[in-house]
Amino acid sequence: MGIKTLIWLSILVVGIYCEISDEDAPVHYCFVNPPPKTRLSPNLLQNITTCTHLVYGSIPIDRDTGYPQYSVSDVESGYDIDNIRTFMRLRKYHPNAKLLMGVVRTKPFEDAATSVKVANGLRSHVKSKRFDGLFVTFNGIHLEYRASTSFLETISKDKKMSLTFGVTGRRVFAFDALRRLQEINDLVEYIYLDMGELPSNEELARVTHINPLFYNGSIPFEETIQGTVEELSKEGILPSRIVVGLTAGGWKFEIKETQDPLKISHGQYAENNGKRVSYQDACRARGAVIYDWQTMNEITVYRQTWMSVNLPTIKAMGEKMKWILGQKFAGIGISHALFDDPRGDCGTDPLPAHRLVMELIRNTIPANPAKCTRLCYLDPEEVEETFPIDNLKSDYCSHIVVPYFALDLSDKMIEEDKAEDLVKKIDDWRSKIVEVAPRLILSVGSKQASTIWQFLLGNDFHRKELAEGLVKAINSTNADGLEISWTSQPMVSDFDKKNLKSFINDIVAADTAKMVEIVVATSQQSAYSDFYDYEHLNKTASLIVLHSHRLHSDSLPFTGHPSPLRATSSMTNQKMSWESLLSHWVEKRVLPSKLVLSLSASTLSMQSLADVRSSAATPFGQSAFVSMLRSKKGDIHSQQEICESLKSGTGVTHWVDGAEVPYLRRYDQMVAYENTRSAHIKAVWASMEGVGGLALHNMHQDDPSAVCDNRTAFPILNALSRAQVCQTCLKQHDFKKCEQHDFVVSCNFELKRSTPVFKTDIVPYERCTEVVVEQATLTLGGNVNFNDVQQEQVVKNLTSLRSKMVKCGMVLSLSCGDSEKYLNSILGDNMTFAIGNVMNIMEKYKFSGVQLDCEKVIRRGNHIYFNTFVKKLAQKFESGKASNGCNRTLSARFSHYTQKPSTYYSVSLLNRLSHIALRMTDKHSVDLPFFFNHTKPEFPSTEKFVNIWKNVGLKPDKLVLELSPFGWQTGKKVGEKKKMTQGVNCVTAGNRAVYEHDYETLTGMTKHENGTINMPMIEDFRYKIGYIQREQLGGIALNVNGDDYTGICGRGSFPILKSVYSSHKCR
């Protein structure tokens, strides 16, 4: 047979190179698998610019040396073809893509040692060929054995090598496959789910649809894309770890003469084995065409031929792709290019399926809704055409506000310059994330002088005409609302106040359909002059935006900051702070939930009268040139310019305590600005105050191209979205009912001698969904014992309260000992006896549940024992009710020391438990930092470990965060800490001690004669509960021994626990 030479037509497409650099963007796997003796075209995938992973071949690796078994055309041979070398030239067109060698192992590994040997040999060879990594597939029963994990584990040790594991839908449901995939999940970059082969394909003569999306009556649910990925998700393999592989072309079957081709269905037997057909062959097939809207496939029937084809159009294969992207899978793959009409024989552009993926990925932005109210302002006069709006994450903004209408004396209103173009750009971006797109608000009058406002609003006819025109204009666009912004200059009289009120009423009257959201922007000058009708705004405006980002101006003859949190002593006007402005509006009885506080991504540059670059003088209140008397040529305007000044060493940044803001000194220039730290603090403070939302003005200055760290676009918005929470009021549960609680409040009660005053009869069970009693121990032989007689007596006392606790759970915390060998002995030889003893002690002391606290003794050697123990114990629990008549509960407790949960635990099993408690404390029982620190990524934090557990597949509503009420007093030695309860703190520092709040550590700090005390405050707990609600976690756990259970602090007993349900700042 001679050499086949395939000459691909040049693909003439005008387009912009799309670099997939966003870590959240979908990946695109592109496969090239040329048959033997076929020459690969070097420009085959030249214009498919979204390929992030290029995979060559499906090369056998059945030799135990690991050396790939190449075909005659893979590498240079007598045929003068070296397709691998040609493939490597694709790097020219895809400089950011990873080039992977595709390998397949059919022969099972004899043992783990063989798998390691094969892996090492293969890894060395792949490096010699200069591939970036491997795409590994097993064609056989390999997933039944752990040697397959050893093979991938050995390859994964090379951190420079990219590794993808491919598994077909057919193999997912094989024996032990899901367990093996859980182990593999942490070893690879992605798991590639190839839906080209299904369980039905075990018998090649069975009629099979190609990549069916949904169940259609004849297709088993587990053979659909939806069913397969749901099974993986249940086992803790999240969509974000899965690339869904689709197939170019389809399946072709010759059916029996006795069968009606129009009535044939998935799973029936054909006359002969099915054949895979390329799209270029399928598109030329004759016959009747039927479209199946469940499988999203085209069915072609001609005589006794039946064919299921992936039709590469937006309404067919595109629906599968849109579903995959909409479900937030890691990405899509198409196998393979040579089956995807590479020459355009079907009359369309070549590679139609690949082009469809490219189009959808380019038009897809990973979409999540904003979890709190955040207004993002873009000024059409300031925003350049190249503004990278696609870098804006969908959850950063709940509203986008554009100054759109200018007021005009003759025409009433006109469009701002470039406003229409900007709105079109925003609309295009919103169309990519339709379901969770931010609301679009068009602003009127933000740049007009008060005289124009007074003229138009002072005349009843002009005012009503303006209101009707604005509502009509809003309804003619895709906008959702209108912002009324009389803010460029302040109002000057009560007439202005009256006319603004009438104008709002006219807009409400003109909006007969009640579709226009009304936002009112306010200035600090008008507010402090009481030129707003506060009661009227409370009733009519959905949001009231305070211009708290304009509290200082460069037109003033002294230095200052546009948005200090609090006033400093040197500030000329003590009212010009966030704290004072918010207090003013709240004192006027405006609902805090309606108020939006503003900050800006832009800077305020001022020129001091002397060179104060190295001066330690108070930064605010110094004499400065007013803006009209100085040149602004060298001013810093944006976040990226701040970064450039700091990197070059021309500027030095300083921090102002109290005001909680930074400023930069550059010779005689002072630049006041916001950074991620100040934005974080403002977001936490505003959240604690129950403020309705935050607004970021001049968003285009917030480093939209990630110049500062080459990682985070819009860093201030990112900081706001991470730190802002929106508290909703928690309804106290009814402890007299056995209902499933939406929010768990787990009260941990310690059995120890150090708290003799804590009598069992004051345990606040009515405020707890469960009381967790700490702690009994599982001992050798499978017995359950308390540490001493006194502890057991305390348990007996609690049991006597059981009737009063009614349906409130009483849960036994059960330790598994102190060593791995200890647990091995218990569960290896006495598991059944241990389970029986757990049930006996529950019955004896009327416990309704058990919380397993076994983390420190779980290792690779015994984790299977533990998972089996949990599974059998859960089955026992399900067989009956607890002593209080409710379902028994089984939970588990872990800490930040478990950094790879899926290595030791069955995530699917944990998802079936009542909940998982996360203990995030140090050795002093003090909470670890709450937020992840990007500068110290190795440092533990609550945010980091919540994400770790969510990323391995634990359901968010199963996660219960333990919040510590303990604080600490600094000791005499460096680093020494003395743990303190809330009550001891009040005794030590006194009830009247004043605490300085730290919005980063979420503690209060006070100094007294014996040292410094740091204590978590009630506001901190309320904030953390807001975070838990925002992330839709399961609830909180609180050690009630650390709360002020005696009421010595003057706020009644258990003030922290009671604050869970009572706060005037929630909504």
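The backbone N, Cα and C atoms fix where each Cβ goes, glycine too.
If you check Swiss-Prot, you get these features:
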type	residues	note
ACT_SITE	E855	active site, proton donor
DISULFID	C30-C51	disulfide bond
DISULFID	C376-C397	disulfide bond
DISULFID	C747-C768	disulfide bond
DOMAIN	26-364	domain 'GH18 1'
DOMAIN	372-727	domain 'GH18 2'
DOMAIN	743-1067	domain 'GH18 3'
CARBOHYD	N47	N-linked glycosylation site
CARBOHYD	N216	N-linked glycosylation site
CARBOHYD	N475	N-linked glycosylation site
CARBOHYD	N538	N-linked glycosylation site
CARBOHYD	N710	N-linked glycosylation site
CARBOHYD	N797	N-linked glycosylation site
CARBOHYD	N830	N-linked glycosylation site
CARBOHYD	N887	N-linked glycosylation site
CARBOHYD	N933	N-linked glycosylation site
CARBOHYD	N1010	N-linked glycosylation site
SIGNAL	1-18	signal peptide
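Features as recorded by Swiss-Prot, highlighted on the structure.
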residue	record	Cβ within 10 Å
C30	disulfide bond	26
N47	N-linked glycosylation site	20
C51	disulfide bond	28
C376	disulfide bond	28
C397	disulfide bond	26
N475	N-linked glycosylation site	13
N538	N-linked glycosylation site	14
N887	N-linked glycosylation site	17
N933	N-linked glycosylation site	14
N1010	N-linked glycosylation site	13
Fill in: DSSP three-state assignment for C51 (disulfide bond)
coil
Practice prompt. According to DSSP, folded down to helix, strand and coil, what is N475 (N-linked glycosylation site)?
Written response: helix
Worksheet item: With every protein chain in view, how many other Cβ atoms are within 10 Å of the Cβ of N797 (N-linked glycosylation site)?
Response: 13
Worksheet item: Any idea which of the glycosylation sites N216, N710 has the thinnest Cβ neighbourhood at 10 Å?
Response: N710
Discussion item. Measuring Cα to Cα, how many Å separate C747 (disulfide bond) from N475 (N-linked glycosylation site)?
Written reply: 53
Item to complete: Inside 10 Å of the Cβ of C768 (disulfide bond), count up the other Cβ atoms and send me the figure.
Response: 27
Worksheet item: So how many other Cβ atoms are close to E855 (active site, proton donor), meaning within 10 Å of its Cβ?
Response: 19
Item to complete: Could you check which of the glycosylation sites (N47, N887, N1010) sits closest to C30 (disulfide bond), going Cα to Cα?
Response: N47
Response to the item:
Cβ-Cβ distance under 8 Å, sequence separation of 6 or more, same chain as N830 (N-linked glycosylation site); the residues meeting this, in order, are G781, G782
Worksheet item: Of all the recorded positions given, namely N475, C768, N887, which is spatially nearest to N797 (N-linked glycosylation site) at the Cα level?
Response: C768
Worksheet, complete the sentence: Quick note, C51 (disulfide bond) and C768 (disulfide bond): C-alpha atoms separated, nearest Å, by 53
Worksheet item: DSSP three-state call for N1010 (N-linked glycosylation site): helix, strand or coil?
Response: coil
Worksheet item: When the Cα-Cα distance from N47 (N-linked glycosylation site) is computed for each of the recorded positions N216, C397, C768, E855, N933, which gives the smallest value?
Response: C397
Practice prompt. Round to a whole number and give the Cα-to-Cα distance in Å for the pair N710 (N-linked glycosylation site) and N933 (N-linked glycosylation site).
Written response: 17
Practice prompt. Round to a whole number and give the Cα-to-Cα distance in Å for the pair E855 (active site, proton donor) and C768 (disulfide bond).
Written response: 25
